[in-house]
């Protein structure tokens with residue numbers, strides 16, 4: 001197995017960066033294939049804390065980083081991140097980072113549109129306000145500017161003028177000021193000098209690496225329940241977030257044959273608006289938030305917390321074709337007398353094991369819980385299954401049963417090696 005795809009199995013913030021960092025040790029290159037700079041990772045490497053948004057985590061381990069065509073790239077944010085990481089001691093160069101030349105450019109006008117559209121909604125989605133959605137809208141509407149277009153000032157001017165005609169019409173309709181072409185063009189041309197050396201046909205680079213048997217790790221952003229088609233729509237991101245997106249978002253079709261590793265917390269969290277059937281607005285929810293440090297890496301927003309929803313997790317596993325699960329933050333549950341897992345829902349008195357797609361039905365959902373005993377012992381830092389209390393082992397087993405996927409990794413603390421390895425995602429499944 002030379003390809004592993006790491007994606008979130010809940011609503012994001014599951015600790016994917018930590019798992020990617022763990023697996024990157026055995027990888028040759030690490031690929032970002034979706035999203036933008038709206039999702040961040042906090043990693044501790046060699047006792048030092050790093051915060052990344054656009055850059056692949058594998059760069060911190062000396063691996064080749066690739067930003068694929070499925071990512072929308074804000075050049076200002078990218079260069080600021082490169083400079084910040086360099087100031088912290090890690091130089092990012094065209095030898096260590098490749099960016100797909102056909103990736104979409106995120107513009108200041110996308111950020112203006114994001115703010116205007118969010119303010120105009122009757123019910124806010126809770127976007128990060130970084131322009132991700134409008135950039136993906138432009139890509140679908142064939143107005144997008146690709147990074148390769150930065151190389152030709154005349155083409156860039158023409159494409160930018162076309163995009164701004166549309167953007168400014170929408171901004172005017174929403175009562176917002178227009179964005180000016182000349183200042184934006186000047187800034188892009190200045191940024192182009194630094195960005196162009198990183199551009200490559202990423203699909204070709206990855207195809208050659210795959211043919212040579214190199215190990216390729218795909219680093220997903222957001223999560224399955226934020227997928228634009230299969231998530232809790234419309235409270236979702238604007239792109240595909242599942243393992244299948246790794247193929248189209250990188251240009252490496254064979255990514256679809258890799259090991260799909262879904263990352264999920266031992267409980268559930270969500271940032272911003274949208275359905276959350278198992279949300280806890282009580283002392284237990286507050287405890288999970290504080291003990292789990294549930295605040296956004298990029299935004300600092302407090303996360304909503306609740307019990308694990310195994311019904312939605314099972315949906316993520318099935319829709320995403322997930323091969324196994326990495327369970328994180330098990331130690332946050334230490335000290336609770338009992339735990340609850342949502343196994344399905346009642347809608348108008350009818351029991352069902354799938355979450356409704358219709359907005360009206362969602363408003364009538366009541367979660368159905370299974371109660372399990374908690375544990376008082378500490379699981380923090382446990383590095384073997386035998387080191388866990390029996391109740392914790394039973395909880396992990398039940399999650400795997402309900403989700404329909406084996407648990408291959410369990411994270412039990414903040415240190416990089418606080419992990420129980422039950423199976424190696426890089427190795428072929430037994431019998432396969």
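Every residue, even glycine, has its Cβ placed from backbone N, Cα and C.
The structure displayed is predicted, hence computed values, not measured ones.
Annotation comment: Swiss-Prot describes 13 as active site, proton acceptor, evidence class sequence analysis.
DSSP assigns residue 41 (active site, proton donor) to a strand. The active site, proton donor feature in Swiss-Prot is assigned to 41; the stated evidence is sequence analysis.
Sequence annotations record features per position, and here Swiss-Prot assigns GTP binding site to 12-18, 40-42, 303, 329-331, 411-413. Neighbour list (residue 12 (GTP binding site), Cβ cut-off 8 Å, at least 6 residues apart, same chain): 39, 222, 223, 226, 270, 271.
Per Swiss-Prot, the feature IMP binding site maps to 13, 14, 15, 16, 38, 39, 40, 41, 128, 142, 222, 237, 301; the stated evidence is sequence analysis.
The secondary structure of residue 13 (active site, proton acceptor), as reduced to three states from DSSP, is coil rather than helix or strand. Swiss-Prot lists 13, 40 with the feature Mg(2+) binding site.
Note: residue 303 (substrate binding site) has non-local neighbours 13, 269, 270, 271, 289, 294, 295, 296, i.e. same-chain residues 6+ apart with C-beta under 8 A of its own C-beta. Annotation comment: Swiss-Prot describes 297, 298, 299, 300, 301, 302, 303 as substrate binding site, evidence class sequence analysis.
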Task: residue 302 (substrate binding site) versus residue 18 (GTP binding site) - Cα distance in angstrom - done: 20
TODO: Work through the binding-site residues one by one (38, 42, 222, 412) and point out the residue whose CB has the fewest other CB atoms within 10 angstroms.
DONE: 42
Task: C-beta crowding around residue 128 (IMP binding site), within 10 angstroms - done: 21
TODO: Please work out the number of neighbouring Cβ atoms within 10 Å of the Cβ of residue 301 (IMP binding site), leaving out its own Cβ.
DONE: 14
Task: Separation of alpha carbons, residue 41 (active site, proton donor) and residue 412 (GTP binding site) (Å) - done: 18
Task: Integer Cα-Cα distance in angstrom, residue 302 (substrate binding site) to residue 40 (IMP binding site) - done: 14
